[in-house]
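Q: From Swiss-Prot, here are the annotated features:
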- D35: active site (ACT_SITE)
- N83: active site, proton acceptor (ACT_SITE)
- D35, E222: Mg(2+) binding site (BINDING)
- 36-40, R48, H52, 80-82, W84, R86, R203, 209-211: substrate binding site (BINDING)
Amino acid sequence: MWNIFKNKSGQSHKVKDKFQLDLDNIPKHIAIIMDGNGRWAKERKLPRSLGHKAGVETIRDIVKECNNIGVRYLTLYAFSTENWKRPKEEINALMELLVNYLRKEVAELHQNNVVVNTIGDVSKLPKACEDELMKAYNKTKNNTGLVLNLALNYGGRDEIIRAIKLMYKDIEKKGLDIENVNEDLLKNYLYTKGMPDPDLIIRPSGEQRISNFLLWQCAYSEFWYSNIKWPDFKKHHLHKAIKDYQNRNRRFGGV
């Protein structure tokens, strides 16, 4: 089955829809825990760095497909606050991959109307990474298509603590009544301010945990797990996850 439709930028797309997706019920926000790169490499007796490199190829394909089918926000868990515990050589390889990805891909992402955004404390990343992220954002910030959130040096608990500290400073400065502190106010201090919570969170590789990812935002997200490791995750796996999402009844605590 082929579907022809227009995205937010008015561009026409032709998509082979194996799972007969309902294009009127595409998740606005998909978040992915990109897991399994290291184990993928180990199974092939390759260095872990080559697993991460293979994972970058998957990013390219999934970003393109999400943009094609009308997803508005795609958040990729790229490097957590806990990932600093990994060997220094692996961390350096990941940072180099990030820089190379941005340098190679930003022009095409910009051409495809994608916004490149970051969530997390990027000030602790190497300067080359921080500089390339800023360049990518400045180049794409006025685009109107898919918003690609790269979660870097990100942790859900860290984000909530940061938000509370920022909110407390404003309460002191502006003299806000503590009784007016509510969910809507706190959301304004999260990295994802102004974005919808993720409708669908995908985790490949066989692991079934949240790993400190979008803890505040995932309260009513639908979760989809797969044994496929991230470097082997293809467009049809994305379609299957979305189809499963479309077959669920989201009640948000109701009946």
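Note: Cβ is positioned from N, Cα and C throughout, glycine not excepted.
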Q: To see if you understand the setup: which same-chain residues, six or more apart in sequence, place their Cβ under 8 Å from that of G36 (substrate binding site)?
A: G51, P204, S205, G206, I228, K229, W230, P231
Q: Pick the one among the recorded positions D35, E222 whose Cβ has the fewest other Cβ atoms within 10 Å in this structure.
A: E222
Q: Return only the integer: C-alpha distance in Å from H52 (substrate binding site) to E222 (Mg(2+) binding site).
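A: Each residue's Cα considered, H52 (substrate binding site) and E222 (Mg(2+) binding site) end up 26 Å apart.
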Q: Determine, to the nearest whole angstrom, how far the Cα atom of the residue listed as 'active site, proton acceptor' is from the Cα atom of D35 (active site).
A: 12
Q: Please give me the CB contact count at 10 A for I210 (substrate binding site), counting all chains in the structure.
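A: The answer is 16 other Cβ atoms.
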Q: Could you check the recorded positions G38, T81, N83, R203 and say which one's CB has the most other CB atoms within 10 Å?
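A: Result for the most crowded candidate: R203.
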Q: Just to be sure I understand the packing, how many Cβ atoms besides its own are within 10 Å of the Cβ of W40 (substrate binding site)?
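A: So the number of other Cβ atoms within 10 Å of W40 (substrate binding site) is 23.
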Q: Can you give me the Cα-Cα distance between R203 (substrate binding site) and D35 (active site) in Å, rounded to a whole number?
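A: Spelling it out, the Cα of R203 (substrate binding site) and the Cα of D35 (active site) are 7 Å apart.
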Q: State the count of C-beta atoms found within 10 angstroms of the C-beta of H52 (substrate binding site), not counting that atom itself.
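A: Taking all protein chains shown, H52 (substrate binding site) has 23 Cβ neighbours within 10 Å.
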Q: Take the C-alpha atoms of G38 (substrate binding site) and E222 (Mg(2+) binding site) and report the distance between them in angstrom, rounded.
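A: Here the two Cα atoms are 26 Å apart.
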Q: Count the Cβ atoms, other than its own, that fall within 10 Å of the Cβ of W84 (substrate binding site), considering every protein chain shown.
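A: Step by step: centre on the Cβ of W84 (substrate binding site), count other Cβ atoms within 10 Å, giving 11.
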Q: What's the CA to CA span in angstrom from the residue listed as 'active site' over to I210 (substrate binding site)?
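A: One finds 11 Å between the Cα atoms of these residues.
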